[in-house]
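Before any comments, here is the structure.
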Amino acid sequence: MFEQYHTNSLLQKFFGLFIGIGFGFCLQKGGVTSYDIIIGQLLLTDFTVVKVMISAVVVGMIGIHLMKTLGWIEFHTFPGSIGSNVIGGLLFGIGFALLGYCPGTVAGAIGQGQMDALIGGAVGILIGTGIFAHFYPIINSKVLTIGTFPVETIPELIQIPRWIVVIIMILLMIAVLQYLPVFGL
Amino acid sequence: MLELLLEPRWSPYLAGAGIGLLLWCSFLFSNKPLGCSTAFSRTSGMIESAFNPEKVKNLEYYTIFPPVIEWQWMMVVGIIIGSFLSSYISGTFQIIFIPHTFYTFFGDNLLFRFLTALIGGILMGLGARWAWGCTSGHGISGLAQLSLASMVSVIGFFIAGIVTAILLYSL
């Protein structure tokens, strides 16, 4: 729909900045730029992170699927693999618990004055991504290609039309949000 | 409306819904999913370029993700600004070195906190690129697109995160 703007790199830098400002604002207001909230989630004592994520996915999913059906936008999915998403996901998770922020919330934590996010976390992430860049050819050929998934999306995997999966997922996620307070979370 | 912006904290549902709306905007206006970790790898390449430009130029990874300032890099800068604005106008901005929960459990050793954060950051940076995305790229944008790779990654993030956090906090 806005294809003519997508290739304007200067304009896109401004869009990126504005979307980031909104994103940082929402992350901070949601409390998820706080180490205490993130660690509380991983220790299963505070479900704020899950509530923010599920709400974002529910609202995001409805809008982008509608826009996709109308032909306004393109999706960006790619086939994953066991070597990439399982191993990478687990490595990320260990780092997530030690650091207590993720790559987006570490930036938000810096914005609200967390020095451990700046001096420890952000520097660590830069080193980690740098190491990956150096070893990419070998990791790519030896690990990332192990067990490539046959399909890109969940509807293709379970062979149910996309919009039905969207509706089922939204109902499931709303049910989770409904029941979390019942368990005192 | 103004009162809402000055609130120190929003309901997690409202904050999440706001992020969901931003996802619509990023797909519509920029043809991009919300993601953060590529910006770190670009920055890492830019820093290394300052010392060893030839080496960086020859690395295959930086031919796929060139170390330049683009949409996502500006978005991460925006996150820092947005979070600063949010905390500043609600009066919660504060320079903190050790988070409260960490302090209560592990004490006031600054070096210990910085080392755990540094090691955590290294593993996270490595894992985020290894899995081709982070909590926002997979956890929000990917799940909203019903991506299988994202679903698997998010399950991995939380399983390893929960196990590690419980082990760490039961030391």
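Any Cβ shown, glycine's included, is placed from N, Cα and C.
Look at TrEMBL and you will find A:14-32 (among others) tagged as transmembrane segment.
Sequence annotations record features per position, and here TrEMBL assigns transmembrane segment to A:44-66 (among others).
Note on the transmembrane segment (A:86-110): residues 23-24, 27-28, 32-35, 38-39, 42, 117-118, 120-122, 124-125, 128, 143 of its chain, located 6 or more positions outside it, place their CB under 8 angstroms from a CB of the stretch. Feature annotation from TrEMBL assigns transmembrane segment to A:86-110 (among others).
Feature annotation from TrEMBL assigns transmembrane segment to A:117-139 (among others). Note on the transmembrane segment (A:117-139): residues 35, 95, 99, 101, 103, 106-107, 109-110 of its chain, located 6 or more positions outside it, place their CB under 8 angstroms from a CB of the stretch.
The transmembrane segment annotation in TrEMBL covers A:159-180 (among others).
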